[in-house]
């Protein structure tokens, strides 16, 4: 029996994780849950899974949750300290890190320091503080298992092979809803259009990131830290069908890929059950029915966010943290209809240009950079 804490339990990844747990009550048990927005949904999860402790966004949410609780009454915490408490609970074997954005960094670090294995869906943790997290993972001898479908695919495609035999890793991207949209038409993109992803059902922030290709850029940086790959050995190819989740090319010219239906329950189930496998509940792949798989190069002129991510990775230091923080502010502004679609990448680039990078050592230094970038990005809002 593997005991889990889920950070971000009411979000897209959290809900999919709980669906996998429902299918395998004999393999997984829920010890802790943390969420930030939907107290009513958390109350229902508490009733069903009976965790020992939970955390919510703030004191007001904690009070509201107490009023909604039924017969089962777990310990209730709140804030980032509360999420960190859930991440480090005694008796937890694995923490599913699925809080959206840089807010997931502190509780993920707390989990690692407490010796918990990590199923990582929060890519921002590695984008912001990849060097720190990698060092802590090695120091505390925990497993860092990717939940993103692309990184899970690479993880599986690397299994059993020597690192020195890898020529490059290739991340696939759906291309988002605007793959065929002209640069001129992108100026008129609406929020509603950007929120309609052609393949995946996800939360609002990551859906916008997928539309700008910033999500793929963040995944490039995440892949660098997960697999110890330099930027020049990480490629991106657009694959609209989202069936091949990513690939590894070896020095002999052979390419190993992982295929599957576009359903996050598959990489989640793999991370939860690793090194074994378990049923995920997804539809089995029918290649004859799919018939055609296509590929094309990403257009970094129309989608400069991907270029900015590569630039940040190559520059190193605190640039990836600045990229991420500025993007979070810009996407939030777009979701509030304060800026246009193309303004997202423009705000990120201006913030990066205003930054002088350095190499942080401690967590608080990374968080200070994150705060600086957010404050600076806000100065570029209309």
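Backbone N, Cα and C define each Cβ position, glycine as well.
Taken from Swiss-Prot, the feature NADPH binding site covers 10, 11, 12, 13, 36, 122, 124, 203, and the record attributes it to sequence analysis. Here residue 10 (NADPH binding site) comes close to 35, 36, 37, 38, 41, 42, 45: these same-chain residues lie at least six apart in sequence, with C-beta atoms under 8 angstroms from its C-beta.
Around residue 123 (1-deoxy-D-xylulose 5-phosphate binding site), taking its Cβ as the centre, 28 other Cβ atoms fall within 10 Å, counting all chains. Residues annotated as 1-deoxy-D-xylulose 5-phosphate binding site in Swiss-Prot, with sequence analysis given as evidence: 123, 149, 150, 174, 197, 210, 215, 216, 219.
When Cβ atoms from all protein chains are considered, those within 10 Å of residue 150 (1-deoxy-D-xylulose 5-phosphate binding site) total 27, not counting its own. The Mn(2+) binding site feature in Swiss-Prot is assigned to 148, 150, 219.
The Cα atom of residue 13 (NADPH binding site) lies nearest to that of 148, taking the binding-site residues 123, 148, 150, 215, 219 as the candidates.
The Mn(2+) site is defined by 148, 150, 219, and by the 8 Å test on Cβ atoms against their centroid, the other residues of the chain that qualify are 123, 146, 149, 151, 152, 171, 215, 216, 222, 223, 246. Under the three-state DSSP scheme, residue 36 (NADPH binding site) falls in the coil class. Counting every protein chain shown, the number of other Cβ atoms lying within 10 Å of the Cβ of residue 124 (NADPH binding site) is 26. Looking at 12, 122, 215, the binding-site residues in this record, the fewest other C-beta atoms within 10 angstroms of the C-beta turn up around 12. Residues 10, 11, 12, 13, 36, 122, 124, 203 are the ones the record ties to NADPH, and the longest Cα gap between any two of them is 18 Å.
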